């Protein structure tokens with residue numbers, strides 16, 4: 001891989017665009033490769049470099065104005081380019097692009113609006129537990145370049161892939177998983193069509209020998225996909241999609257063309273039907289590597305869910321509190337409430353990204369949660385939309401509006417019945433209020449423990 005980087009940058013001027021976790025990782029490997037004629041780092045914020053490794057620093061609000069002064073630009077995910085990528089003179093690449101050029105045949109790539117991290121870590125855990133040589137990289141918090149020293153020609157590489165990582169790629173993983181697509185990141189993409197196009201790059205560059213495991217709701221256009229397509233369907237009451245699906249999920253039973261697998265729901269730490277759908281994707285992957293049902297179950301039982309995903313925080317005032325801070329869209333909050341039927345209060349709200357909340361409002365109208373506590377910008381918008389557009393909303397007296405999370409938790413402690421649940425499932429981003437969803441979940445846990 002270092003040879004690939006060296007060939008790309010030899011005798012060229014190089015810019016690292018964005019100096020977060022991935023930008024720092026790129027800088028380390030570029031230094032190792034050497035041979036560049038000029039190196040610079042551009043970032044909106046001030047950059048502090050270690051001594052002995054000089055690079056030009058281009059910082060501040062105009063940090064993107066310099067791109068055409070360089071031959072090669074290593075772009076970090078999440079940075080919104082000021083122009084169309086094809087309008088730049090320079091070659092714009094990413095870790096994901098270069099990684100797939102070199103290791104694509106060894107990669108299992110996972111994307112989706114929700115469930116990426118759970119599915120990715122579950123695949124990695126089960127492969128590892130069943131004796132496979134594998135590494136975990138990508139949006140999970142491990143830059144791909146950081147793991148180069150642990151990869152050989154036999155290593156399976158399990159990659160969590162965000163829409164930002166996929167946005168401009170021209171190569172793809174050998175096995176791609178598209179879990180789902182819901183409305184999100186409209187503040188970045190502007191339109192749902194552009195967001196969907198980024199997600200679909202998980203399979204667009206795939207070739208005839210590659211594999212796509214895809215939710216039936218997000219299939220490629222008829223006749224457009226060159227590889228092997230495995231369709232996954234979450235069976236509903238009408239049996240939608242089950243006749244053509246290769247993998248179906250009904251309750252806690254997964255069915256393929258040849259096998260029926262019962263998820264050991266009592267012995268695993270995952271709750272909720274949405275998690276069973278993720279397990280179905282994992283099951284389809286593991287079947288490719290000849291993992292038996294017995295070994296699959298043993299490994300699944302030792303998998304520990306990631307924090308902030310319907311995580312049980314503890315009991316306070318006789319109430320069981322759950323942290324679902326990962327929830328940034330309507331569907332995840334709906335799934336959380338379906339997974340915890342004895343919920344007495346749900347805490348909803350955060351940064352407003354402009355997504356449509358009609359689906360969540362309609363669900364809240366018919367669900368039997370006694371207390372709906374709304375907070376922050378999206379909470380206020382939901383409150384106002386219910387009053388303006390939903391005169392038939394069932395039980396408006398259930399709705400309480402507060403300013404922030406501290407007020408929401410304090411109110412929940414007062415009004416929830418003992419022996420029942422309170423879940424924070426915001427259906428909104430945390431940015432501008434907290435550093436990230438992890439910080440929001442930690443703040444929630446602290447507020448729950450206060451006075452206990």
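All residue numbers here begin at 1 and follow the chain in the order shown.
Cβ atoms are placed via backbone N, Cα and C, with glycine included.
The ATP binding site annotation in TrEMBL covers 112, 113, 114, 115, 116, 117, 118. Within its own chain, residue 116 (ATP binding site) has 110, 139, 160, 161, 162, 179 as residues 6 or more apart in sequence whose C-beta sits under 8 angstroms from its own. Look at residue 116 (ATP binding site): DSSP puts it in a helix.
The feature domain 'Mur ligase central' is assigned by TrEMBL to 110-282.
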Remaining residues near the recorded ATP site, that is with C-beta within 8 Å of the centroid of the site residues 112, 113, 114, 115, 116, 117, 118: 110, 119, 179, 180, 278
Those binding-site residues listed as 113, 118, and which of them has the most Cβ atoms within 10 Å of its own Cβ: 118
